[in-house]
Amino acid sequence: MRLKNMLYPVIIAPTWIQEMNFVQHTEEGIQFGAACTLSHVEEVLRKAVAHLPPYKSEVFQAVLEQLRWFAGPQIRNVAALGGNIMTASPISDLNPVFMASGSKLTLVSNEGSRTIKMDETFFTGYRKTILKPEEILLSIEIPFSRKGEYFSAFKQASRREDDIAIVTCGMRVLFHEGTDRIQEIKLSYGGMAPTTVLASKTCQELTGREWKENLIQEACRVLADEMNLSPSAPGGMVDFRRTLVLSFFFKFYLTVLQKLHKELNGNNNLTDVVPERYASAIDLFHKDPVHNVQLFQEVPPGQSVEDMVGRPLVHLSAAKQASGEAVYCDDIPHFENELYLTLVTSTKAHAKIISIDSTEAQNVPGFVCFVSAKDVPGSNITGIAKDEQIFAEDTVTCVGHIIGGVLADTQEHSRRAARAVKITYEDISPIVTIEEAIEKQSFFKPIRKIEKGNVQKGFEDADHIVDGEIYIGGQEHFYLETHCTIAVPKEDGEMELFVSTQNLTKTQDFVASALGVPSNRIMVRVKRMGGGFGGKETRSTIVSTPVAVAAVKTGCPVRCMLDRDEDMLISGGRHPFLGQYKVGFKKNGRITSLEVSYYSNGGNSADLSHGVMDRAILHMDNSYNIPNVRGIGKVCKTNLSSNTAFRGFGGPQGMMVAECWMSDVALTCGLPAEEVRKLNLYNEGDQTHFNQKLEGFTLRRCWDECLKNSDYQSRRKLIDDFNRQNRWKKRGMAIIPTKFGISFTIPFLNQAGALVHVYTDGSVLLTHGGTEMGQGLHTKMIQVASRSLGIPTSKIYISETSTSTVPNASPTAASVSADINGMAVSNACQTILKRLEPIKAANPKGSWDEWVLTAYQNCISLSATGFYRIPGLDYDPEKNEGRPFSYFSYGVACSEVEIDCLTGDHKNLRTDIVMDVGTSLNPAIDIGQIEGAFVQGVGLFTLEELRYSPEGNLYTRGPGMYKIPAFGDIPAKFHVSLLRDCPNSKAIYSSKAVGEPPLFLSASVFYAIKDAIASAREESGLNGPFRLDSPATPERIRNACVDIFTKMCPPAKPGTFKPWSVRV
């Protein structure tokens, strides 16, 4: 077993030890053996709660509430209650409950047994308890609650489901009989110290006090002082955590007050009443069954039943993927003499390499050799901009920079040996954040600029001018399959590579350069990927080239598949952006002028950063007609792993800034945001800020249909009513458009090839230049070929994508793969059909199989290539004229959310999407892409947060700290509608691209959250624009909802401390 890079040769499983696996009902509570699983505990407590009087089960209900969000069923089915206690985690969900309830622990050793109360003395330090080395935990007794005793537990995490706590607590209060005077109170917190702690001072201060409104201020004052945190505290989020302590107490106060009022009042007003506007603060968010609607246009009447274009054909690999039978790169059986490579990477963000010592590694069983820059037979220079090295030679420029690799006979031996390699460094001061790069003028050249109209005059004509800025955080790709390559060396310098990549051509080019051989010696093969999202467009080569070098050095097949933590550390992700804007507008919200400066964190190499910035600037208008525009884009050169392509490729960041200033305009004018947005939308025939004419502009249709489908106006009134009636829960709603340009912004990439083989039995083997990563491209290409050839899809098969069948293929990216490869497939099929014309004319009633066999017997070629390039792309950025895009995809989304103003938690209540995908090739796949892109965008804008140390070390290296959306983050009501009757003449069979365009629609959730926060801020007398950076995490939501509790926890002055993490 391998855990946290430690090898555990012996594992003890106490699960079947009878003395540790029992349940006993006692007079004081229920005693559980320490080896009882959490699922078993949950089951027992549920039965107890169902049969006990409510006053007796308060503690049990609190445990159940914590278990509701504790990991998932698989974990709870094996995780033991005792293990949860004895790991002594400072953010344990359950330990605060056990401490506050006074649960009893039975400990045993050879010297006997003893029973102790789990109190403030139990935890003696980080991950330490008072147990003696020879003692084990035998059992835990969870007590019944008494009459007049109340108990609550709370937890706030980044994500409700399956997430570790930021702050967690257990709270108990016992009143003197028949009164609201406190006899005893225990407030226990996790996440506020190296251990679970008891707020002893606060408990002492509150004992003897009455449970009245004036208690809140005093309790929070003492709590804020007692539960203080250093501004440099591990885990960060210091202000948020301190505020949560007070917010949880307030929730506890209201919960208890509500129960007291119900139980004590009768005809006597012994307690205060929970104000009606406060009552919802007690309510918890629950999991609701998802209700979804998917609407699409049926195929025209009379379309052949064998013609699958436009029909919701199931993804052809769906069954194999669902059953686990689909073969991915690392599933390929091992070759004879195969070796495993583990990369050795830098632990410093910027440093000179003084020495590399692999002596200890050589002592690990199975060690074969260490590979480094000196072993590269060709060029060690690599990367899109030729500014990277396969193996770092003299200097490392990021944590995770590849220095070398260790080859061994097994994966485990290779990993152990890699950890044994010792590297000595000489530190150099790193540049980590965008702000540091701006200060030191560290940018990749050139700087991008765009301008249209007279910006200065536009500002002079404006009634109002607003300036501001927004930070948009980066995002990890988090594909299910991490980077993987298998290299098999062959004769005459040949090499066969099995790679999880979106870009076979660059893999071939870079490996050929590294090995010093022509590209015709390198064959790259891809069956399928377990997701890509842009992360395997160029960065897959940082694994493929070292593997190829290692294979040449040893003469053996070599395999390398990154662990998740390695993948997140090494491969980069979406670019963080800082947008600084100045916008001028009229009183009615009409925009007159706009100026935006974009800064992106490119990392330590250029990679695709300039292309990402280009698309951000080309989308700085989103969907709005602005007469005077100036944009400037600077890519920051920093000491982080190089950031790269990610679904949307800069477009979402560019449009996010646009919606930020649009939100400010609406707030400044005091107008509904949807009215201001609609007022500024483009119309058919308008020209964009890069002077491309909009043709087939369907966005206003999408807008009106979305307003209608979502019942926007009626629900807006209901939301306003809800917000008036509730102080601590608020709802918000936003409707957001998107206009996404389709094509590679590098013109020569807008080409594709295909190869069609027809066999004598009538079956067809189809190959094209695109790769399958779960998006359904192969399925769509088979549908295209089926219609083109007039045969059923069952006769057509795609085996893989390979450089030996379709050379010089463009990467599967930019959402154009179905467009360009579809046209290439159609072109190849038309060539076959033309050759068959004489055969069909001679036998018009024959079958496909008969025509094919006859053609073969007449020596007619049944193999054809196809080719396509997108015409008319001629944009000149210097002159700001021409066409950078073939066409645009349009969509509109309306989302409603509810936020908890006390914790920053939020729930996505409903989303309605109307998307123009032209005439859909496959509605099932297209709607799946829309839903998937939207939820991935929800992660980008509300959840996923990369956290770095000030020294440039990535903390969030796996699912433990980095959270992608879970089922509960999907809108409870999710309605997707494809716009009808909107054929697109620019793409295959009138379709449109669908992979990237829908992602930005998830910004509707972000701006719905911002709308809800605005309502909360009004309660504190704060009106007008305010800053909310992305993602809108619980921390940012809570801190933006300014109230009495946030004011009790003022932030430390910047510059007076070293933060635990920085925003990069």
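All positions are counted from 1 along the displayed chain.
The backbone N, Cα and C atoms fix where each Cβ goes, and this holds for glycine too.
Residues Phe533, Arg647, Ala814 are recorded by TrEMBL as Mo-molybdopterin binders, and the candidate that the same record lists for that site, out of Gln502, Gln687, Gln857, is Gln502. Among Asp93, Asp119, Asp163, the residue that TrEMBL places alongside Phe70, Leu137, Lys155 at the FAD binding site is Asp93. For the substrate site that TrEMBL gives as Arg615, Phe649, Thr745, the extra residue drawn from Glu537, Glu800, Glu837 is Glu537. Taking only the Cα positions, the spacing between Asp93 (FAD binding site) and Phe533 (Mo-molybdopterin binding site) is 34 angstrom. Nearest by CA distance to Arg647 (Mo-molybdopterin binding site), out of the binding-site residues Lys155, Glu537, Thr745, is Glu537. Fewest Cβ neighbours within 10 Å among the binding-site residues Leu137, Ala814: that distinction goes to Leu137.
Taking the C-alpha positions, the distance from Phe70 (FAD binding site) to Gln502 (Mo-molybdopterin binding site) comes to 37 Å. When Cα-Cα distances from Glu537 (substrate binding site) are compared across the recorded positions Leu137, Gln502, Ala814, Glu996, the shortest belongs to Gln502.
Checking each of the recorded positions Leu137, Lys155, Arg615, Glu996 against Phe533 (Mo-molybdopterin binding site) by C-alpha distance, the shortest gap belongs to Glu996.
For Arg647 (Mo-molybdopterin binding site), the number of other Cβ atoms no farther than 10 Å from its own Cβ, over all displayed protein chains, is 26. For Ala814 (Mo-molybdopterin binding site), the recorded positions whose C-alpha atoms fall inside a 10 Å radius of its own C-alpha are Phe649, Glu996, out of Leu137, Lys155, Phe649, Glu996. For Phe649 (substrate binding site), the nearest neighbour among the listed binding-site residues (Leu137, Lys155, Gln502), judged by C-alpha distance, is Gln502.
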